[in-house]
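A.B. asks: This is the structure, below, for whatever I ask next.
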């Protein structure tokens, strides 16, 4: 891998100022000439290292830290010091280190944020300081070409719930993945936490909690605060992408719908999760030689992720197989804590956002129900005879042997996606689903699992529905074309491109999605598909020919390599 580029940057910082700036610091990578020009000769040891040598040293330092949370802290410290070295190291050990900087280890880091806090890592917009929000916003963004804002209010973090100001940790992690896998320049991304309080009593009782120690605000005050931030983004950076992350179930879809047609907005929990699942399902129906519209889909867990997946699959069916929305909705059977979502549950048990998927009672007149009239998963599987079973419930073991075997009675290749994270909460272990179906199940999970043994002795690789296989490319395709909005058709185009890269299309015994080690190539292809769609449908803000898109994206991708620095008082700082 190359360790230097022909790129030249004119920089106005000298001495300690450049050594403490992560965008410009090279550590021992400064050349002899650069050390003289920037006043660093006496501030650094004599040897000049290549980036490759620095990565070897940093990796050795990482390996002496055995616990994942300590590895996470080391990498966070490295990012605070030197962006090129941080991303260079991650690039060289991608599959090994993504779980350290992202899920699952980042969840532990976020839960302990106040106790691990060392320095600021983004933009903290706090409700008591609402009157100074624009000034605080401009302090960090004025004069900068910001292409990406990743924002969280931390109400529903990575399966661990409300984490208050620690939400900055998920925003920075997602932003880092954009850089690592799609090539967005980290200097053009801002991570934001909207600190609107927390209902996590443990945090409120913690004397070291660094956020606003107040119960979470809701209602009109919350909406006003969020809207003020969104309007600042729209006013000062109209061509940026606004990525919503880990908002609670009461706000995630509502905010996405509110701003969908006003700015390029994206919610990974809803759209990213849905898009990668659509890609996996598209691959699976390719293996079964069927169509999306042929499927009967049971979704167990109708929260933010489950509903996002349902809508994305529904939209895919409509776009690819040309069904009406009403007909596509009929392909889905949703269950939540009250069992199957059907009419007789009543308004007190049916959330407004699931109403389009409510099943009529007449369908279920002969179904077995409990004393409260609720129909459970096994009964739904018996009656519906699903071809697809999706789990987003965090109910470990919910897909029992009886449920899986009942499903397998009625379909040759049952498609089973236990997507709950972390792995201990998975609805069924893939090896069990594989055994109970005689090796016929087509499987994808939300967490990484080892391959399963087939009856013929071959190994079946379990696809991981990791959002990072697609959301960086979805976002980058919108950003690079300065799309005015992120359309559903752009997302579907990205999902179909990911599905086209499925190893299972060449070998049905292979994984439904590419291995994560291919994530950079995959996201590049996704970005190309999204950009092509944006230009085709007229939502792009650039006037490019479709045949030039690949080269345009390559030209604009940030790569972790050291540029040559020239000192200039009017240069960057």
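Backbone N, Cα and C atoms are what each Cβ position is placed from, and that goes for glycine too.
Just so you know, TrEMBL annotations never went through curation; they're auto-generated.
Straight out of TrEMBL:
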DOMAIN    79-260  domain 'Malic enzyme N-terminal'
ACT_SITE  102  active site, proton donor
ACT_SITE  174  active site, proton acceptor
BINDING   245, 246, 269  divalent metal cation binding site
DOMAIN    270-535  domain 'Malic enzyme NAD-binding'
BINDING   421, 466  (S)-malate binding site
A.B. asks: With an 8 Å cut-off on Cβ distance to the 245, 246, 269 Cβ center, who else from the chain surrounds the divalent metal cation site?
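C.D. replies: Other same-chain residues with Cβ inside the cutoff are 152, 156, 157, 170, 174, 244, 247, 252, 267, 268.
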A.B. asks: Could you tally the C-beta atoms, other than its own, that fall within 10 angstroms of the C-beta of residue 269 (divalent metal cation binding site)?
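C.D. replies: A 10 Å sphere around the Cβ of residue 269 (divalent metal cation binding site) contains 25 other Cβ atoms.
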A.B. asks: So of all those recorded positions, 102, 174, 421, 466, which one's Cα sits nearest to residue 246 (divalent metal cation binding site)?
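C.D. replies: Closest recorded candidate to residue 246 (divalent metal cation binding site) by Cα: 174.
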A.B. asks: Taking the Cβ of residue 245 (divalent metal cation binding site) as the reference point, list residues of the same chain whose Cβ is under 8 angstroms away and which are at least six residues distant in sequence.
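C.D. replies: The answer is 150, 151, 152, 167, 170, 171, 174, 267, 268, 269.
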A.B. asks: Among 421, 466, the binding-site residues in question, whose Cβ has the most other Cβ atoms within 10 Å in this structure?
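C.D. replies: Selected residue: 466.
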A.B. asks: In whole Å, how far is residue 102 (active site, proton donor) from residue 421 ((S)-malate binding site) when you measure between their Cα atoms?
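C.D. replies: Distance between the two Cα atoms comes out at 13 Å.
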A.B. asks: In Å, rounded, how far does the Cα of the residue listed as 'active site, proton donor' sit from the Cα of residue 466 ((S)-malate binding site)?
C.D. replies: 11
A.B. asks: Neighbour count, 10 Å Cβ-Cβ cut-off, for the residue listed as 'active site, proton donor': what number do you get?
C.D. replies: 21
